[in-house]
Each structure stands twice: as C-alpha cells, then as structure tokens.
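Worksheet: the structure to be examined is printed underneath.
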C-alpha cells in the first residue's frame, strides 16, 4: 500500500524508489538468483549427491573425446579396436580407454558443478561420480579432482546409463539420493531420486519433473553466444588471407569482367569453407595441447562450448560443400584446392615442427591461393608472380618465427613449444628472412624491367616502380618490429589492423591505377 512502512528486511531507499510491488519483484529476482547459486540444504544431509560425468561434471563427452584423440594420435591402435565395436558400447569404451585414456586435467569441467560438490562435501554430504564412461576414466577423474567418496563407471557388458544406472543406484543407495545430470537419458533416474539437479540441457526438463512431484534444483546456464563461438571456431577473420585469389584478376586486367569476378567470388567462398574445415581438424587434433595453453584453452571446442562431435560434423559438411562447389566451378581449381588441403593437414600434423621446411610450406600455401585465381579464370601461369609470392611469404613466415625465437631467448627458455627451432636460432631466422625479403623485391624489379607484357598491359609502366619501393619499405618495417619483438600477430593480420600498412597499400594501388 502507498505510504505503508517498509518491511524490516527492505532498505528504506529501495522501498521509496520501487514501492511495495517493486520490492516484491526485487525479492523474487533475488530468490531466483539464490536458486542459481544452488543450495542443497533443503535435502537431508544423509542423502548422497550423485554426479554424472558427460555434459554434467564436464561440458563435453568423454567417449567422443577418447575416440578423436585415438584417431589423431594412435590410428593404428584404433583400428585394432574395430572388433570391439560389434560387442556393444561397454566393450568399445573399454577398448578406447586402453588405447588413449582421457587426460583428466585437460577436460573442460563445469566450475559451478565443482563448486556444488565442494559445498556438499563441506556440509558433510557424501558425493559420488556415477557415469556411463569406462570405469578407468571415472577412477582417473576422481583421483585428479579429489572430493569424491567413490566412482562407478561402465565395465564388461554393463553400460551404466539410464535405467541400468538407476538400478545400480537403487541397489547401492536404498535410502535415496540426489542426482545431477543433463540429458533425457537421466529422466528415469531423476523421477526416482529424492532430489534432482538439472545441468546444461537438462534444465528443459524442469517443468516436467516438477509436475511429477520431484524436488528440483537447476544450475544457472552459462551465457552462451553460439554464433560468436562458431564464427570464432571457423576463423572467419582468416578468410582475409584468401583475398589473394582475386590478385590474378587485377594483374590480368580482367577485374571488370563480371563473369570472372562472380566465378572467383564463388571460388573464394568454396575455398573459405575448406580452410575453415582445416582449422576445426587442427583444433580436434590439438585438443589436449590447446587446453594446456594460456590462450588457446578459450577456443570454443577446447572450452567445451562446441562439442567435438558437432565440430567434426561441421567439418565434414564444410569439406563436402567446399570441394563439391570447387568441382562444379573448375576441376583444376578443385585439384589445387585439394593439394592445399593435403599440404595444410601435413603441415598441421608434422611439417610445422620441421625447421625451415615449415616456412617453405607456408610460402607455398599462400602462393597456391594465387594459383587458384589463375586456374579458375584460365589465366596463363606467371613464373614471376609465383617466385615473388613464395619468397615474399617465406619472409613473413620467418618474421613470425623470429619473434618466437627472440621471445624464447629473452625468457631464457631452452625450447620453443611446438616448433623445430631453438631460441638461439634467431640469427638464422633473421638472416634467411631478410634474404627472402630482398629476393622478392629483386624478382619484382626484374619483372618490371624484363617482362615484355608490362609495356603491353600498361600505358604508363613507370608508375609500377612504386610497388617494389612500397613493398620494400613495408617488409623492412615488419622486420624492424619483429626484431624488436613488437610484432604480436601474424604479419598478415597485423597489416589488416595497421594504418601504415593501409597507407602503403593505397599508395601501391594508386600507382597501378596511374600505370593504366
């Protein structure tokens, strides 16, 4: 009522500002927030807290992680498990766990669930991990985390899931239990439990369980940004490097041909899908290492925001769409794109750890983008452009390696993680990088001086000499920043965010326009 005194628990200022109805709304919001903290004090402390693993204690699925880990790191041993695939899920889980056991310290745990378990333990409540994952995985996890009174997983012919899990729980805890789970398979268990904790996707069953008379508590869902996560996972920002596919259109003076531009645009999109698929493959293969990395652990798959299975399925769809579109556009284009895919995978799994060969491969990968633009439009192969591109991008790749070597040296590290270089190799990366940069400039100058087609294609070719001058200044700047350890990004990414680079690029573009 207006003018009525505030309740004892209502601050006078809030009561004045919001009134009785506003205060009730604030109280309801506060209670909802309190429920999000999740308090189990309403349940008898004699009731143990039973926690599921996949999707509940961790954000991912341990079976899928085990499968992909074995596929990328122990493929031969994975093939030996094929007979177990026909013996049921428990046999498959056991066989995979023997091939490559999941590293418990690398799993994406739900912090809210860990906090709930800690608070339950401090309140004197027993806690158990009961999962359909293999028993060895359950044992490893509770050994790593601590805070559990025991663990039970699948073994032999027993797949501890849904009603089989319920049967085991009722036999082991006849006086009742509180169950924390996340999926439809947990419904029979929740309905028979003394209390239900809904986690992740399990929150959608809240109303159904309340109608069934089950005492329900929910963990507040973490803020999700699926579109942002997928754009980040697909590295859409890296598609900027694929703009090189348009370079032959401008150098071949066919940028005003609508059909050529349209065809190249479709090629750009198809190739972008293939490139994004390779990033997903790389993330799936390096999952354990990424989770141990200071920044890579925040990637969508590593953090569990995108499941490994969804990542794999997206990869298959993008590869099929990208290669299929490439085949429709031009068979030679599809062939070059396939070579790029094979070379990228070889680089990701092995070649990036081989000193000097790694930067040569990077130079080749960038050059293949230009080759795609040539074959897609039936343009003649240019050894000048090919040679310049290889040397130019080898220099940029070495600039990145140089920064890594310099930083490792200044931090007095003995090795550079994931690379074939040592900190003391920085004079080598500096020398080779500057030599490659100089070679690219010399190639450009020789092309302008000796290639007859220059005078045929351009009315004022003298303006073109601005290009090697601008590229030379830009490369010198890149190497200066690299040696000072001020180059914090990939040189291409750096250029896209650098005003000086844009100015030099605009100057070179203007020179080409004047030359026409």
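The backbone N, Cα and C atoms fix where each Cβ goes, glycine too.
Given the structure is predicted, the values throughout are model-derived calculations rather than measurements.
For 183-203 (among others), the entry in Swiss-Prot reads transmembrane segment.
Annotation comment: Swiss-Prot describes 261-281 (among others) as transmembrane segment.
Residues or ranges marked as transmembrane segment by Swiss-Prot: 308-328 (among others).
Summarising the annotation, Swiss-Prot assigns transmembrane segment to 329-349 (among others) and lists sequence analysis as the type of evidence.
Taken from Swiss-Prot, the feature transmembrane segment covers 356-376 (among others). Sequence-distant neighbours of the transmembrane segment (356-376) (same chain, 6+ residues past either end, Cβ-Cβ under 8 Å): 241-242, 244-249, 263-264, 267, 271, 329-330, 332-333, 336-337, 339-340, 343-344, 346-347, 382, 385-386, 389-394, 396-398, 401, 419-420, 432.
Annotated transmembrane segment per Swiss-Prot: 379-399 (among others), in sequence order, evidence recorded as sequence analysis. Within the same chain, residues 247-248, 251-252, 254, 358-360, 362-367, 370-371, 373, 429, 432-434, 436-437, 439-440, 443-444, 446-447, 451, 471, 475, 478-479, 482, 487, 491-492 sit at least 6 positions outside the transmembrane segment (379-399) and bring their C-beta atoms closer than 8 Å to a C-beta of that stretch.
According to Swiss-Prot, the feature transmembrane segment maps to 430-450 (among others).
What Swiss-Prot lists as transmembrane segment is 461-481 (among others). Below 8 angstroms of C-beta separation, residues 392, 395-396, 399, 402, 430, 433-434, 437, 440-441, 444-445, 448, 454-455, 487, 491, 494-495, 500-501, 504-505, 507-508, 510-512, 514-515 of the same chain, each at least six residues beyond the ends of the transmembrane segment (461-481), sit close to that stretch.
If you look up Swiss-Prot, you'll see 492-512 (among others) marked as transmembrane segment, on the strength of sequence analysis. Same-chain residues lying 6+ beyond the ends of the transmembrane segment (492-512) with a Cβ under 8 Å from its Cβ atoms: 237, 240-241, 250, 396, 463-464, 466-467, 470-471, 473-474, 477-478, 481.
Sequence-distant neighbours of the transmembrane segment (430-450) (same chain, 6+ residues past either end, Cβ-Cβ under 8 Å): 356, 384, 387-388, 391-392, 394-395, 398-399, 401-402, 461, 464-465, 467-468, 471-472, 475-476, 479, 482-483.
Same-chain residues lying 6 or more positions outside the transmembrane segment (329-349) and placing a CB less than 8 Å from one of its CB atoms are 72, 263, 266-267, 270-271, 274-275, 278, 281-282, 285, 319, 322-323, 358, 361-362, 364-365, 368-369, 371-372, 375-376. Tertiary proximity for the transmembrane segment (308-328) is limited to same-chain residues at least six positions away from its ends with a CB under 8 Å from its CB atoms, namely 60-61, 64-65, 68, 230, 233-234, 266-267, 269-274, 276-277, 280-281, 283-284, 287, 301, 334, 337-338, 341.
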